[in-house]
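Remarks on the structure that follows.
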Amino acid sequence: MASLTSLISSPPSSTNNIFPKRTSQLSAPIGRLQTLRKSQLAVTCKSSNVLAAAAAASRRDVLLGLGAGLYGAGAFVTDPFSAAFARPIDGPSQDVCKLATPSPGNPLQIECCPPAMAGRESKPFQFPSPSEPKRIRRPAHLASQDKEYVEKYKLAMKRMKCLPPEDPRSFFQQAKVHCAYCNGSYVQSSHTNLGLQIHFSWLFLPFHRMYLHFYERILGSLIQDPTFALPFWNWDHEDGMAIAEMFKDPESPLFDGLRNVHHLPSNKPLDLRWDRVTEDKPFERIRDDNYARVYELMVSGAQRRLEFFGPKYRAGDPPPAGGGGTSERLHNMAHLWTGGHNQQFGEDMGNFYSAGRDPIFYVHHCNVDRLWNVWKTIGGFRFDFDDYDYLNTSFLFYDENSDLIKIKVKDVLDPQALGLEYEDRPIPWRNSRPVPTAANAARTATAAAFGGPAEAQAAVGPRFPLVLEKVTTVMVPRPKKGRTAKEKSAASEILVVEGIELEGDKVVQFEVVINDDPDNPSGPSNSEFAGSFLNIPHVHGNNGHNKFVTGLRMDITELLEDIGAENDDQIQVTLVPKKSDGPVTIGGLKIEYSS
Ligand code: C2O
């Protein structure tokens, strides 16, 4: 097997099946080379390995003359909420790996394929031996004060960045893992006509847990420390909302030059409802809205697994796109907020193809992973899926010994078995149940009917599909009203925004409020706020023009109680568009029940 370096420097031959055929190849634009150097050469290595790695990475960001022509054409519409085939996804095909792209319409193509995978035998995953010490992940803002830990972490990251670029454990190869699984490199091994996507479905949480597991063990092995653990970005607590100090030193291997400079000053909290414009919201406002959003996406809106984990995704299904479960929607804004605000594709964090290039990506995902554990402690119907296909879905990763490992979803459902623990932290958002606006608080007391009969309102409502350009109000009939406690415990009431059509490489966002004043729609701290949609730019599998259709599911059972609308025949839903980079069309709104 030729090494990756030789494959890069020699023109790809038609017999090599790691790369697709390239019809024309230009050199990467100068600006691109410069950004990579500036952001990723913050470390000096004894050898010139880092330079070589960055140069190789840049060479691999090749411009393809044909752009989107590489992929098959044809519109490609999918309902991610229905699983067509009862079969587990058997990981990516080892024989097919395509150039990835941040945007099919753009000629920039990126080589995200791992080295030497074709024809290679993978080993089955082995749990760490119980005699291994535990790895305890701590909040990054507290770990920042532990000098010894920070030095260790920096040394491990530095060594990772200094590994030769063809080494699967190197920083560059590890960053590519995310790109390959997200931006169109891989196809399903059992259905090579279908792209593989690890976001926007029930695979989101387990895939990222696996990724962190191998990443962390590689770092630990590079400093011979079996206790080494990544920190977590504790953005669900007011003390941890800002980017932790250890990530801010431009000389440190934990730094990334492609972050939004407005968000670096100390104590600038991650704003889970950032509108991409406002930078001067008071801390308390952001904190309270964040808590309310975490409450919505972990508690009231996440009572059942389908809503929390996201749609089911099985072998033979087209790659899911957009939407995702509340666990994923909760995590999206940190990408957009952290990423470069003046980069073409939001690099690094603001685009899935480049997110793995920022060390903070892994720290952000540790918190997402931690919140998965926390969710299961909240009670009710909050369990992992036990679906056969889910449990047996597998992925491929290189481990700390550079062995290719096949790992299954069922291998990562118990963090204990992985030798993993999170330091306990208070969860202040647990008590942040939103409160109704004054108008609805009054209604709760009087229980008056809202808005009149469904038929009368439907006639004057907007027609679907509608292009969402302005605040739009729609009456949505409820199939059942006045549900008993027993009915509510048997099934949640879900508001579904269906047929959301957009372009995958564009930021698109809107919010949804219920029985609220359309001229003054509520924020997350009010019960009327049902949820929001945000698309982080990505590529939708093997679809040539990157339009996709998705849905948004919001559990409104508790919301309806809080606004006194349980006995109404219909609800008034208002869609509030937010600053987006591309158009969005809405196919319709309906109520569904989820058990
Ligand atoms: Cu794979 Cu935060 O994304």
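Cβ atoms here come from the backbone N, Cα and C positions, even for glycine.
Unlike curated records, TrEMBL annotations are generated automatically.
Over in TrEMBL, the protein carries these features:
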BINDING   HIS178, HIS199, HIS208  Cu cation A binding site
BINDING   HIS331, HIS335, HIS365  Cu cation B binding site
COMPBIAS  1-18  compositional bias 'Low complexity'
DISULFID  CYS97-CYS113  disulfide bond
DISULFID  CYS112-CYS179  disulfide bond
REGION    1-21  region 'Disordered'
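Within the same chain, residues at least six positions away from HIS208 (Cu cation A binding site) with a Cβ under 8 Å of its Cβ are ILE198, HIS365, VAL368, ASP369.
The secondary structure of CYS179 (disulfide bond), as reduced to three states from DSSP, is helical.
Counting other Cβ atoms within 10 Å of each Cβ, the disulfide-bonded residues CYS97, CYS112, CYS113, CYS179 show the lowest value at CYS97. Those residues of the chain, other than HIS331, HIS335, HIS365, with a C-beta within 8 angstroms of the mean position of the Cu cation B site C-beta atoms are HIS208, ASN332, ALA334, ALA355, PHE361, HIS364, VAL368. If you draw a 10 Å sphere around the CB of HIS199 (Cu cation A binding site), it holds 24 other CB atoms from the protein chains shown. Cβ atoms within 8 Å of the centroid of the Cβ atoms of HIS178, HIS199, HIS208 (the Cu cation A site) belong to the same-chain residues TYR181, CYS182, ILE198, PHE204, PHE207, TYR211, PHE352, ALA355, HIS365, site residues excluded. Distance between Cα atoms for CYS179 (disulfide bond) and HIS335 (Cu cation B binding site): 14 Å, as a whole number. Recorded residues HIS199 (Cu cation A binding site) and HIS335 (Cu cation B binding site) have their alpha carbons 13 Å apart, per Cα-Cα distance.
The CA atom of HIS178 (Cu cation A binding site) is located 8 Å away from the CA atom of CYS112 (disulfide bond).
Checking each of the recorded positions (CYS112, HIS331, HIS335) against CYS97 (disulfide bond), the C-alpha distance stays within 10 Å for CYS112.
With respect to their backbone Cα atoms, CYS113 (disulfide bond) and HIS331 (Cu cation B binding site) stand 25 Å from each other. Note on HIS331 (Cu cation B binding site): other Cβ atoms within 10 Å of its Cβ, all shown chains, come to 24.
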